[in-house]
Structures are given as structure tokens and as C-alpha cells.
Amino acid sequence: MRIDDLSVLLRPRSGWEAVELGFALTRRHARVVWLSWLATTLPVFAVLNAAAWWLDLMWLPPLLLWWLKPAFERAPLYVLSRGVFGAAPGMRETLRGQFHFARSIWPWLLWLRLSPSRALLMPVDLLEGVSGPLRRARRQALARNASGTAALVLLVCANVEAVLAFGLIGLALTLTPIEFMEPAAQALWETLFEAPPLWAQLLLNLIFWIGASLIAPFYVGAGFALYLNRRTQIEAWDIELGFRRLVARITGHGQPPLALLAPLLLLLSLSLAAPPQAQAQAQAQAQAQAQAQARDEAAADAPQVEEAFDDTEPSLRTRPEAPTRYDHVGPGGSSDVKPEGGDRLRQVFAHEYREGTDDFVTQAAEVYEQDALSPVSTQTIWVPREKPEARRQPPRTEIGWLHSLGRGLAFVMENILWLLAAALLVLLIATHRRWLPVLGVQIERRHGPRQRHEDAAQAPEPLPENLLEAAQALWAQGQRRAALALLYAGGVERVAEATGEPLPPGSTEADCLRRARRLGAQGFGGVFPRIVQRWQSAAYADRLPSEAEFDALVDAWRRSENAAVGSASA
């Protein structure tokens, strides 16, 4: 695999940025991805439904197709893994490539089928081809910071598949007129779920297959992009690719100052940019000025609004009204209808006030009997002779398969809960020495030295006694990097012995050079910088020294040893 051929921009991304990258890759290679998916799933769908029709088990094909999803996801993964390097395969090449994945797919169809990180970890088995402890270590390293995102992507894609499937079922209701909606929904439910005929069961299987076919390639693309992102973070692909491009640009043009032009321009732009605090302060001042201006405009508009209300007619102004009291007048009239507070009315109206006559009372009663003031309607309804309690309830239709499915899910969930309870109990017992002291329970500590468990990593191999002869032998065998590495390791050990202080773990080349300066430039202190320079050129720039330069390093080492022996004997 050559990362130079990658058609995507390598940079560390967040989990959801990587998911979006996977969706974009799937859209770019959509034709080959979906054609390969149809070529692998459609024949299996037809065979499974034919066998289920013959066995009268039409509920079985969706379950088997769901279980075989990892096998079907090999084709989109093959297309994306080649297409990301700019070599998108054709249909024939994709179908032939499925045979290379046949052996590695079995774990994902058996004990790893329910893994929530399937899309993230399946490329380790299918693309890298590792096995044993190395494969287990690779899975753990990749899933360390991306398993949560992979599980959420699986959950989202599963829900979208279900929404698409039920949306296709509900599409029939959207085409039904509103007055026929209720009987159409009842007929649809009875046809598809209560007593479905053969064609309805086949239609349901087809709908669920369509939903899976639309979403599954996007799920594979998201998992593959998460896999690429984790490898970029772990193996620093972006940094390595940047160094390669930098070396190629410098060696190709032979003008190192031009290589520094872009960083200088970047530093200049950063120096001219406003500080973040100043930008934030300027934004806050702008917002405050905008709010003050809005308040001033609102205050200026308020008098105009009041004047507009004052110009309205008095009859249109809002004023509280006194509660109105209506006196009931029966059909036969009422002779005792008299306004309350007659004396007050006489005081207000003086000589204009007159008592109501019988004709007025009769006319008022007729007015109140009009439909506009006393709306009364007669409605005739049919009342059943039998009492509502005695009516027979319609027989309820039993959905046998739905009850069986519910009982099965209840059984599975009950056992899962029991397993979780058992795992929690085991965890509490295993960690009782940590949480019991919190509750105030004293635990007797074990006496004696604690056994030290060594890490899986082995200690570094000791250097050979004749280090220079061993390095020359490796050089003669063509292992030039190994020879330089041996010289560098021997030089570090010699610097530590000569100074009398061991170097701390994780020391860099610069730390070793600073320690070697104590030896002086005449002895080994002048040879070690040359060894470090040759080693860095070989390790980081892939520039190996010539045979004459290597022999010169070995001779300088020997001369420094002889000089050290001579000074010690003197």
C-alpha cells in the first residue's frame, strides 16, 4: 500500500468528519458500489425467498439476509479500498476479489456477527490479512478511540433502514383519498400483518431488502473512513506524506529557500491577524451598539403608535363594558318584567322615562323566541333496544406470529438481563478490595513482596562484543540500515559508559549529542555526531552513506578506541 497514491486529503479528523468522508467516498464510486451490491445480494434474495415459499417459512429470508450482511458488505469494501488509491475496480474485478475474502469473513458471520464495531474492524481482517495475536492487537488499537462512533453509526443506519422500510409501506396510504383513509389503513394492516397472503409476505421481504440496499453501502463507507482515520492517527500518515513531499520538492528543485516560502508566508499572515481577544472585544462592542440603536429606534416609534391609536374613532376604542343581564321571558310572556333600579332610571332620564307596557313585554318575548336569540333544534336519533352492556363485542383477531415474536424477544431480553446481572456480580466480587474500604469495611492486606509481572515486551537485546565487526558484516550482507542502527546503539552505550551516567529512557538524538559533548571533540565525542548524522539521514530521509563513508566511520571509531586505550595506559 502506497500512501502517496491516496486520493483523499490525509489529516487527523474527528469521528463524524471521518463518517462524512466515508459517505463522500461512497457517492463518488456509487455506480460500482451499488452494482456490486445488487450482483451479490439479489441472487441470494431470490433463492432464499423461493426456498421459503417452498417450505412455507416466508419470515425466514429477512432474518437470513440480515445475518449475511457482513458477507454482502465485502463488495462495497473492496471497491472503496481500491478506489481511495485512485484505482477503482470494475464489476468483474470486484466479483473476482470476493474469493480472496472468503476465509476471513467467517468470524464476522459467527462469533463477531453482533459486534457494534463491525464496519471499523472488518477491514483489519479483509484488507490487512493479519491473524492471531497481531490481529487482536490491531483491533484493540483501532477501536480505542473510534468504537463509540462506529456503534452510533450502526445505530443510526439501522434506524434509517427501518424508517425507509416503513415509509415505503406507508406510501400506499399517502395515495389514498382522505375519506377512505381509515378503511384503507385497516385493510393494509390486515393484508400485511394479520393474515398476509403469499404476495404480501414477498412484498414485505422486498421492501426490507430495498431499505437495506439503500443504506448498507453508506454504512460500509463510514466504517472504512473511520479505519483510515485511525490508521492516520496511529501511524502518522499525514506527517510521513508531508515529509516525503518536502524531500521531493527540495531534491527536485535544488532550491531550499523556496521550500521555506510557504511557512514564512503562513507566519506573516498569523502575525498580521488580530489577536483572538481583540476580535472578541470588537464583536461584543458591535453587538452592544446594534442593541442600543434598536432600543433608540423602538423609543422613537412609540409616540407614533400612541398617536395612531388616539386618532381612531371613539366607537372603536377598547373600553370595559358592564356585564349584560338578560331577563328570561317565557313563551307565555311575563307581566312582572320590570327594569331594576327604576328610581335611578327616572333620575337619569327625567321626563323621558316611561314604564314598559304589556305590548312591549309581549313583543320582547316574541323577539326572544326567535331562532337568532334562542337557537333550538330538534334532532331525532335511533336508540338501540339492547343495552350497551348486553351487546356482543366483535371477536378480536389474533396475530399469532406477532405474539410469538413478542414472546421470543421477551425471552431474549430476560436472559440478557440475567447475564448482565451475573457480570455485575462478578465485577463487584473481583473489585471488592477497592470499594469495600469506601464503605468502612477493613480488609486484611496481604503481606510479603508483591510479584512483579513483566510486560509482554522483551528487554532490548545486548550488543555484540565485536560491534564494529558485526556492523561491517551487516553492511556486507546488504543490511545497511541495520548496520547504521547497530553503530548508533553502540555509540549511545559508549557515551553512557564514558560519562558514567546512564541515559534516561526515551532520550532523543539531541540528548545523546549533548551528553557526548562532555567527552571532547578529540576523542569519541567527535566521532559520535558523525554517526548520529548518518543515522538520521538513513532513518528519516532514506539517504544511505556510501561504502567509503561507512568505512571512514568505522576507522574513526577504532582510532578513538586506540586513543582512549593509549591515554589510559600512559
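Heads up, the Cβ atoms here are built off N, Cα and C, so glycines get one too.
Taken from TrEMBL, the feature transmembrane segment applies to 32-55, 105-127, 148-173, 206-228, 416-436. Under the heading region 'Disordered', TrEMBL lists 288-342. Per TrEMBL, the feature compositional bias 'Basic and acidic residues' maps to 314-328. Annotated domain 'Protein-glutamine gamma-glutamyltransferase-like C-terminal' per TrEMBL: 492-558, in sequence order.
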Secondary structure content of the domain 'Protein-glutamine gamma-glutamyltransferase-like C-terminal' (492-558), with strand meaning DSSP E or B: 48 helix, 0 strand, 19 coil
Tertiary contacts of the transmembrane segment (32-55), as residues 6+ beyond its ends and Cβ separation under 8 Å: 26, 61, 64-65, 68, 71-72, 74-76, 78-80, 83, 88-91, 94-95, 98, 198, 202, 205, 209, 213, 216-217, 221
Model confidence over the domain 'Protein-glutamine gamma-glutamyltransferase-like C-terminal' (492-558), averaged pLDDT: 80
